[in-house]
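These come from TrEMBL:
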type: BINDING; residues: His60, His62, His104, Glu106; note: Fe cation binding site
type: DOMAIN; residues: 26-123; note: domain 'Pirin N-terminal'
type: DOMAIN; residues: 182-282; note: domain 'Pirin C-terminal'
Amino acid sequence: MKTLRNIAYKGNSDYVNMGGNLIRQPLPTQEIDKVDPFLLLHHYKYEVSPYSPGLSLSPHPHRGFEPVTFLFKGEQLHRDSLGNEGILEAGDVQWMTAGSGIIHDEGPSKNFTGTMEGIQLWVNLPKKHKMTTPKYQDIKAEQMPIISVENGKGSIKVVAGALNGHKGPVSTFTEINAFIANLEASGNITIPIPATHELLVYLLEGEAKVNNSETLEHGKLQMLTFKKDGEAITLEATKNSTILILSGEPIKEKIKSWGPYVMNSQTEIMEALRDYQDGKMGHLY
């Protein structure tokens, strides 16, 4: 039997204002700035109507990391300075490598009304890959393996990495596991975690016990990080729950960030600002 990891940090998910909409930001906080290689986690949920267009971001640049979108509800339009344009549907994942620089925007698709809910995650890139060629991995829901939990009361989706012999479709620059658990009440699962990985668990909705001790509850305690003192965690839902599980090999490099850029030095940040102003990341109107 694998040793269960002990909890290192317990956090709720405070609201921040973005584009006039309140979104939850469990990472970073005043207490914890990152869970290497994961830099930022935003959880957004809002209603879109003809009179309230919801969260829509104007064209903006990125460099030096990977912005990832997990869409749980709704339809999200994205387009970029490489000429890509498409729509994410509920259950899809977009894993974007900003690399040397890209400009993009995103928001509800033109004809969509209803509930939009998703997670945006920033994943750091190692110094040697920060200036790699930008690219997209648009992953449809049906491309990701889905595994039933032990007692049949729920499932877990493998986005990146591997679980119980099932490999996710996303290609990553460093070792990363990204899983989404959808558990019915009393649904439970044991998830093996590589001993060297950093680990965080985020509850989007519901209520669930972790390692048969700490209870994640929406609006009260929504995120946990863990010590590297074991090789597994257990989840057991006490209400129908959706849970994001992220683990990764830490990069262990000093970073310097400013707005939409994540680099390794102030000089590189200044270069990113200049390259954007000079049009070297392309254009998007």
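The backbone N, Cα and C atoms fix where each Cβ goes, and this holds for glycine too.
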Original post:
How many neighbouring Cβ atoms, not counting its own, are there within 10 Å of the Cβ of His60 (Fe cation binding site)?
Top reply: 14
**OP:** Check the domain 'Pirin N-terminal' (26-123) for me and report the mean pLDDT.
**Re:** 92
**OP:** Tell me the Cβ contacts of His62 (Fe cation binding site) under 8 Å, same chain only and six or more apart in sequence, or just say none.
**Re:** Met96, Ala98, Gly101, Ile102, His104, Pro260, Tyr261
